[in-house]
């Protein structure tokens, strides 16, 4: 067991490595040639132009102003400077609320840490149980601060129970306040935002087939009858999945063509040659430029044909449609009510924002959906509990003996001592590591298979599954030690009152492990996030090989997005650890607090400068976040029950069971009280907004605005010129007028040597009425 | 263990006693002076008049026509004769669908019984395990037919697994079909029924207080703004609970006054005397008539004052209102959408039918509701698992020693041998029996405390709780043997894979007990139901002491109603027993089939002739019934898993777990597919009905019709004259014109000697369009 000193050294080491990351980041971000990697958000918003357009040649690539290096941590206060309303305007509500998850972590754990160190640590430390018990073992200092140091049947356990109550009430209080705030932020956001097509539109699925009418006509007639006063127009959904695939292929070929053309232009002596076979490794040698031009020509023809087919073939029209209404009230009514006798046809739900629509899933029929959910539920169960089986077999294969058996010709190489040790050391771990890296992608594919219709709901579902996987395999896996399959076996064979005990006993023993985990995975992970190594490398590769014009450079940028499906479940793990250890080993808490603080600053910086959110779901994910923190609370209570039982303080169990019941009740209360704000749209709000709009723009004609809001992105790309009016109107939501002035003046950072696109103090929130 | 012969004797005895009940019933119901006890439904509908009005004096009381006694079982085919559409018309959809629960029992269990006897019984019987095992114990014949007779690890268990699949699929198939039928019956009923105020009305609760406006004004303004096209009118809810109590008191006193006046009129010599103290046992002696007249006068004055207060005092107006709309579409929209930002104010739900409203609960605010639910959930947990504790203490008190300690003066009496044995024999059981008799009432009080707003939802909630209580204390209590508290202890201390085993092993052993239970509780209970002993006695007592006029006699009738909260949970117990034993001990199945057959006939008779349904919820209870049968299926599968594991056929477990998963999936599928029909009202239907109505009655003015539909029944009683128009219109729904002709002609039964109010063949369903 580690002593306090060991932990201190490890903490210092990890803090130092995080510090190194920060310094590397500070240096890299000041170099103009990295500008598009570290500030893509500003480029995408048109508020920053390429530094290459002005100044001396060297200055274009390297920042020679040494003063700027001195203030290398300046980005931290700057990231914190932007007020929240401005942030919502800049990066959307989703990102702003995502940051609140870190903030909620600070709000919960800072007071808990202080109280725990003020009360629990003295209570624990003034015992001598461990010294008496383990005379011959050097007991860890961390354990002296923890509950392990208290003797069996001691009355001191009452302190822990009181603290468990205090921590639960404090957490619930913070959660309640936060739910209230986020709900009102969401409603406020929906109320104050400009006109958006999804406010007027409902997605209708499972339109029943009609032998005499086309889908569009059926929809039109149905809604003219059942919503006579509010129905406006509809757009049917085409099955353009094949078309989208072809367009994607052409784009890829076009990229290669660009690459070869650039190569040829640099070296006119030799026409580039390529092989047509697998990955360009085998097959016939051909002239690369000609080959790709021919391929592109062929694809373009196919695309044109497919486009015609999709437009004309009635089979390509899916039984789903986006139905638009004359008023938000009409859309709100339609989205919240059942339309037809048969509850599996004419299913209505709010249309996702146009960017948020996940097109391939729109045509799935109802019964198929139910079966897909069943299959995925079973598949996820096996994935969680049996994922070690295929990996173990791969590991067996990847062992020395396995390799020699499968590929005897490799024997001479394998038998070399260096190679052998590499294989033995790396290969088995590699299989597991690769699986864990691909896990979020696998979960995303599963969510897609289930048929969700918006990207935001796909991410939410994938996040839920990732969370469960982490809970079982990381948290319980570390505590009960063993694969999930073995745990399952353990838990099934144990009685209901043994399970909390098994967990509870193990919890204090694993404190040191989790402290290390927090430092390595949490601190270093966060610090690594800000370096953006992967996008940095890819950008420079692309820049070197492909970029010819400013537009190419724009496309080479990869700002990425928040990735709710990978990020949030990881944060939840820290909530879980913090709450479980709060009453048991308070020594762990400061590490959690540092994690949340660091992550908050880093992600605030990233959201302001880097990430470009793909869609806007108006914080629809909050109920999930809230629910998972409650689950963490419940797990912490159950673990404490188990621990206290094993400490022969079982008379306390009824008190803690009462706490569990209260927590569950709190969850149902919050669910009934606040969740509707994230699912439904109150008619009062809709009516208010409609009335305001009608008063301001009495002659507004919505039909042309909504007519083409929901066309498949494949069609949109080509029709872009026709749609200019629509797009410019849409963009005005994102880029308010004031910013035009910044676009023309060069960004101050590179000239004055200031270290970032800090906002000038005169930038105040643009919609002062929002603050009210 | 009982042999087949023993069971046969018991069955014969129970069938005989049921037969005796039926003969008693046949004799009693033919006596004209019992007519109002056995045919109250027809009196209430005005289709039958008192037999006392015609014929010879003796004939008024006793049926002397001996031919009628010969056909004493005639009521059975007659009960089955009435077609279902006629039944819906006669007794409402609730009653008709309630009968379908018995029918579904027959549909499920008749084929299962046949298959089980054809396949499982031979497979079980051709083994010799029991003979070999228990050479010195006379093994029961029942067990030879059961799974107990199969050797460990036998391959014959595959038959049982295949049968479990077959039974599950058949049950699910029947359930699916039935859900579909009931859902379409419900929609059809809602669509074809006449205009009813609840179709246009929404119950709004938690109206936020407004300092400047009364509740009625606030509601009016809110809905005029947010539903401008459809809002019609509103009626606020008064807190008339005190007034209702006073009126009830006065009625009681009036009853006593009538009694004393009748007594005085019979014996003019002596004015009746009463004591004013507790229960008339102590206190001052006064003249009873004068005393009651004075009391009634006082109460009448109080009532008048209270009525004025309720009408004027703004504090008596509750923040709840019935809001009526111009069209069904408008009401459907309002009931299904969220109105305000704050999801805990302006809560809207469909208004229950006026008779179904449970007035005292309307004013409960939202937060209080959430807390009440928590308290009741905890209370119910304790009631289920710890109810034996107070009863055991009462039993201890009721023992000889306990009584002697508490009341030493009783010692001489108690010491008498006869009294002693009575106390020892009866008292301990009495406490438990009394508790079980009062349990439904206790559960109903709990449901009322939780704040449901309609009688139908109160009954549904009480039924759910009663079902759980039965499941834990009757089913598991008989299987695991011991009080619920001991079971809880057993289950907590056992591991998850031990629990199914504990249940599974015990299931075949308890078969004989459950067969006896079915015969005693099921068969005899059903046969007792038809005798209506309690209403019979009470009616004759009232008739003798109180009845002066025809109206009094009408009030003395107590037809009762179906009592969903007591009846349905008991039926569910038989579903559970049938499904659990289907694959284990098929010998039990015929007893279940006889129960369902008998119950179907008896309840059909009762619904046609006796019960008077208080309200009409349009079969809103069906999702509960469906869900509980699925729970029974799941329990049967888990028990089989446990049993087969104990039989060392554990390799079959995965197959049965797959069955469990499929069953759960089936449940979620049905829930999503059919439950909306019981919760929401599709806009298409509403629109269709509105359009039809507008076409038929273009000049209809709904306002006067809806204005007073929802006034507190206390006000209604006095305003009856003013409301005559409304009531007559309302009644026309219940009593169609044709029946007026029957009212004037004497009912044929008593004159011709035919044995029941059989329906003449010309009575066809009155709404032929319904059949389409």
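Heads up, the Cβ atoms here are built off N, Cα and C, so glycines get one too.
A TrEMBL annotation is a machine prediction, not a hand-curated record.
Away from its own ends, the transmembrane segment (B:6-28) comes close to residues 34, 38, 69, 72-73, 75, 142, 512, 515-516, 519-520, 523-524, 526-528, 530-531, 536, 591, 598, 755 of its chain (Cβ-Cβ under 8 Å, at least six residues beyond either end). Per TrEMBL, the feature transmembrane segment maps to B:6-28 (among others).
Summarising the annotation, TrEMBL assigns domain 'CSC1/OSCA1-like N-terminal transmembrane' to B:7-178.
Note on the transmembrane segment (B:101-120): residues 159-160, 163, 166-167, 170-171, 174-175, 178, 568, 571, 574-575, 578, 582-583, 586, 589-590, 592-593, 595-597, 599-600, 603, 625, 629 of its chain, located 6 or more positions outside it, place their CB under 8 angstroms from a CB of the stretch. The annotation transmembrane segment is assigned in TrEMBL to B:101-120 (among others).
Residues annotated as transmembrane segment in TrEMBL: B:157-176 (among others).
Residues or ranges marked as domain 'CSC1/OSCA1-like cytosolic' by TrEMBL: B:199-361.
Among the features that TrEMBL reports, domain 'CSC1/OSCA1-like 7TM region' is placed at B:372-644.
Marked as transmembrane segment by TrEMBL: B:374-398 (among others).
The transmembrane segment annotation in TrEMBL covers B:418-445 (among others).
If you look up TrEMBL, you'll see B:466-485 (among others) marked as transmembrane segment.
According to TrEMBL, the transmembrane segment annotation covers B:514-533 (among others).
Counting only same-chain residues 6+ beyond the ends of the transmembrane segment (B:573-603), those with a CB under 8 A from a CB of the stretch are 11, 18, 76, 79-80, 98-99, 102-103, 105-106, 108-110, 112-113, 116-117, 120-121, 124, 142-143, 145-147, 160, 163-164, 167, 171, 470-471, 474-475, 507-508, 511, 514-515, 518-519, 522-523, 526-527, 529-530, 562, 628-629, 631-633, 635-636, 639-640, 643. The transmembrane segment annotation in TrEMBL covers B:573-603 (among others).
Marked as transmembrane segment by TrEMBL: B:625-645 (among others). Long-range contacts of the transmembrane segment (B:625-645) within the same chain: residues 101, 104, 147, 157, 160-161, 164, 167-168, 171-172, 175, 178-179, 467, 471, 497, 499-505, 507-508, 568, 572, 575-576, 579-580, 582-584, 652-653, 656-657, 659-660, 663-664, 666-667, 670-671, each at least 6 residues beyond the stretch ends and with a Cβ under 8 Å from a Cβ of the stretch.
Among the features that TrEMBL reports, transmembrane segment is placed at B:652-669 (among others). Beyond the ends of the transmembrane segment (B:652-669), by six or more residues, the same chain brings 157-158, 161, 164-165, 168, 172, 176, 627, 630, 633-634, 637-638, 640-641, 644-645 to within a C-beta distance below 8 angstroms of the stretch.
If you look up TrEMBL, you'll see B:722-772 marked as region 'Disordered'.
Sequence-distant contacts of the transmembrane segment (B:157-176), counting only residues of its own chain at least 6 positions beyond either end whose CB sits under 8 Å from a CB of the stretch, comprise 104, 107-108, 111-112, 115-116, 119-120, 123, 147, 150, 579, 582-584, 626, 629-630, 633, 636-637, 640, 644, 647, 649, 652, 655-656, 659, 662-663, 666, 670.
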